[in-house]
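What TrEMBL annotates here:
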type	residues	note
TRANSMEM	12-29	transmembrane segment
TRANSMEM	41-65	transmembrane segment
TRANSMEM	92-116	transmembrane segment
TRANSMEM	151-169	transmembrane segment
TRANSMEM	181-208	transmembrane segment
TRANSMEM	220-244	transmembrane segment
TRANSMEM	256-282	transmembrane segment
TRANSMEM	302-324	transmembrane segment
TRANSMEM	345-368	transmembrane segment
TRANSMEM	388-406	transmembrane segment
TRANSMEM	427-445	transmembrane segment
Amino acid sequence: MNATQERWGSRRAFILAVTGAAVGLGNIWRFPYITGENGGAAFLLLYVAFVLLLGLPVMMAEILVGRAGRRSPMQSLGYLATQAGASRHWRWLGLFGAFTVFCILSFYSVVSGWFIEFFVASVNGNFVGLGAAEVAAGFETFLADPRRMTFTHTLFLFMTMTVVAAGVSKGLERLNNLLMPLLYLLLLLLAGYAATTEGFGPALVWLFRPDFAAVTPLVFVHAMGHAFFTLAVGACALMAYGAYMPERQSLPHAVGAVAVLDVGVALLAGIAIFSVVFTQGMDPAEGPGLMFVTLPIAFAELPWGALWLSLFFLLLLLATWTSSINLAEPMVANLQGRGMGRGRAAAAVGISVWVMGLLSVFSFSYLAEWRPLFNMTAFDLITTIPTEIFLPLGGLLIAVFAAWIMPQELAKAALGTGETGFRLWQVVVRWISIPLVVLVLVAGLV
Ligand code: PFF
């Protein structure tokens with residue numbers, strides 16, 4: 001296939017698209033609960049360090065491969081490898097990325113379906129006057145109902161695949177323009193409210209005063225996986241977006257803006273959620289249900305609480321929507337690159353992800369006792385292994401490809417900076433990011 005002619009409408013549109021991919025479940029659902037499970041501030045510090053040392057340089061690597069190749073991830077990798085006289089087998093890295101996003105999207109759609117459920121419940125005023133225990137019990141009842149969960153999973157995936165089938169650069173641009181400012185506004189409101197509660201002080205201490213006693217090699221693995229997940233790096237999903245990047249744009253500037261927005265959302269969400277946790281005397285290590293139990297309580301305290309809560313779940317839904325569109329893109333682009341029509345490719349991806357998603361749905365009911373590995377349920381496994389192992393592994397290979405294998409003049413042109421900026425990026429990726437991923441994976445898993 002020849003290079004694609006499709007482009008994002010402007011530089012701002014590209015930044016918004018990547019921010020849309022980055023900001024999602026990772027910031028508002030996963031960040032608080034994983035920080036809670038790993039002891040708070042020390043985890044936060046590690047995660048921010050990994051964002052800076054690994055996430056950003058590898059994100060640039062990933063996008064620049066797409067930008068230099070201007071094809072689907074598999075084809076860009078194959079094409080650039082051939083240009084450098086290296087093995088065309090590098091294109092299989094694109095397939096590995098597609099497999100990773102396949103696994104991630106399968107649970108992503110299920111959890112985003114929970115937002116639909118909570119949005120509807122909130123519009124109906126179902127949370128009004130409920131205490132922490134009642135909200136938690138309601139959530140448990142919902143989880144145990146596979147039919148309701150399958151319905152919201154189906155609906156969410158359908159929403160995603162319709163946009164993907166239409167071609168991402170059109171619909172996404174307008175949605176992102178509206179979404180990000182609104183999401184920030186509501187998060188600021190919520191954090192402002194949190195500042196008036198008793199739990200605010202303890203929440204800040206918990207989030208920002210590190211206690212390194214609890215840090216094990218596995219905590220490093222969790223923090224590294226989360227850095228990749230939250231930035232949407234390591235699965236060739238941003239590589240697919242890089243293919244549509246405008247000609248004249250500096251990649252480091254774009255990526256820097258995205259990271260600030262992304263970490264900002266996570267911090268605001270964390271402050272709001274942990275303030276409720278400590279005000280209510282709840283357990284920070286509650287797990288994946290954390291935000292679903294804390295947010296309805298927090299909003300209930302505000303005037304017009306049900307309205308704010310509904311709006312918030314609607315915004316979250318839109319935020320996860322833009323991320324899941326990004327998750328689907330590399331699979332669809334790869335199939336399209338092999339000659340399949342975009343609509344059919346989107347349908348094929350949608351159906352397979354839907355089936356895989358049932359595993360997550362059923363792991364709260366029929367398969368609740370099924371622990372295939374490490375005494376973890378299917379849901380725990382699918383939310384952990386692709387994020388904490390596949391993404392770093394994919395990111396590592398992408399970094400090796402971008403900084404060692406592909407023609408370095410093309411990498412420099414695609415980075416869009418001068419000579420010094422390029423050298424700096426190359427040194428960081430070659431001598432910091434790559435060894436660090438290897439070190440953390442080996443130390444954590446062996
Ligand atoms: N960054 C998204 C989030 O934080 O919710 C998740 C994600 C999107 C991960 C795309 C990986 C990916 F390729």
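Yeah, the Cβs are placed from backbone N, Cα and C, and that goes for glycine too.
Where the transmembrane segment (41-65) meets the stretches 220-244, 256-282, 302-324, 345-368, 388-406, the count of C-beta pairs under 8 angstroms peaks at 220-244. Spatially, the transmembrane segment (345-368) is not adjacent to the transmembrane segment (427-445); fewer than three Cβ-Cβ distances between them are under 8 Å for residues at least 6 apart in sequence. For the transmembrane segment (256-282), the list of distant contacts is 15, 18-19, 22-23, 26-28, 31-32, 35-36, 44, 48, 51, 55-56, 59, 132, 180, 183-184, 187-188, 190-191, 193-195, 197-200, 202-204, 206-207, 230-231, 290-291, 293-295, 297-298: same-chain residues at least six beyond its ends, Cβ to Cβ under 8 Å.
The largest share of C-beta pairs under 8 angstroms with the transmembrane segment (302-324) comes from 12-29, of the ranges 12-29, 92-116, 151-169, 388-406. The stretch in closest packing with the transmembrane segment (388-406), judged by the count of Cβ pairs under 8 Å and taken from 12-29, 92-116, 151-169, is 92-116.
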